[in-house]
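A.B. asks: The structure under discussion is supplied below as structure tokens; questions concerning it will follow.
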Amino acid sequence: MTTRMPSHGRISSRALTWEDRTAWPMFLLSLAFFAAWVWLLADPELDRGYRGALTAFVSVTWAVFIADFALRLVLSGAPRTFLRTRWFEAVSLLIAYLRPFVIIAYIWRVPWFRATAARQRARLLLMVSMFTFLFVFTGSTLVWLAERHDPHATILDLGDAIWWGFTTISTVGYGDFAPVTFAGRTIAVGLMMGGLVVLGVTSATVISALNDQIRHTATLRAHERDDDDAPRDPNDSRMPG
């Protein structure tokens, strides 16, 4: 019995099967990594024991991400294609602040979401919502890192930064917090401009999903009416339900 090798430039079924089987565990592990990472950032006065445990967990989890990516790269049988189609995941292994966005990729891979059209719509909404949150969170975190050591800064902790980020992207802008450094303001401009695009895409996605659901419901009701109006067989003695 011979083992069929993947065709040139095509990722092997073994790598794709591995991704399907590990989608849920890697998704949950990514969420745990994100939570631990945020905790470390948000609480500079964290107990030494907790900080050590969280740092160890983040380090081990990071090693798991690297090992998983390397294994899939080997299983793919087409390294160039694999890297070309998963380049962002490769970059996220080098830049920690991009790693949370890979959660979206894991959502895409979960087989459960591919079963029905309704689940596919739910997956799309979940991915867009997650991207919006991560976009604001990452931008806010970078602003906080740029501002926290400036004596005139008003954004002094991560909580304030996230609050500022969401009020900014939602165009509310209470004005109680604002970046004062050049780096912080530059990142803020990027967050504002990107926020307009993100909110536009999010709104369009939600409206599209609602329209699809309305059309689907209308189609089902039309089929039900057609079934009720269809002529019955006079020899059929069954009572209508």
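Cβ coordinates come from backbone N, Cα and C, glycine included.
Where the annotation comes from TrEMBL, it is an automatic prediction and has not been curated.
Pulled these from TrEMBL:
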type     : residues : note
TRANSMEM : 21-42    : transmembrane segment
TRANSMEM : 54-75    : transmembrane segment
TRANSMEM : 87-108   : transmembrane segment
TRANSMEM : 124-146  : transmembrane segment
DOMAIN   : 133-210  : domain 'Potassium channel'
TRANSMEM : 158-175  : transmembrane segment
TRANSMEM : 187-210  : transmembrane segment
REGION   : 220-241  : region 'Disordered'
COMPBIAS : 221-241  : compositional bias 'Basic and acidic residues'
A.B. asks: If you average pLDDT over the domain 'Potassium channel' (133-210), what do you get?
C.D. replies: 84
A.B. asks: Could you give the residue numbers and ranges of same-chain residues that sit at least 6 residues beyond the transmembrane segment (124-146) on either side and whose C-beta is under 8 angstroms from one of its C-beta atoms?
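C.D. replies: Tertiary neighbours of the transmembrane segment (124-146) are 41, 97-98, 100-101, 103-104, 107-108, 155, 157-158, 160-162, 164-166, 169, 179, 181, 183-184, 187-188, 190-191, 194-195, 198-199, 201-202, 205-206, 209.
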A.B. asks: If we skip the immediate neighbours and take only residues 6+ beyond the ends of the transmembrane segment (54-75), which ones have a Cβ under 8 Å from one of its Cβ atoms?
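C.D. replies: Distal contacts: 12, 14-15, 18-19, 22, 26, 29, 32-33, 36-37, 39-40, 46, 82-83, 86, 89-90, 93, 99, 102.
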A.B. asks: So, by DSSP, how many helix, strand and coil residues make up the domain 'Potassium channel' (133-210)?
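C.D. replies: Each residue of the domain 'Potassium channel' (133-210) counted once, the result is 56 helix, 0 strand, 22 coil.
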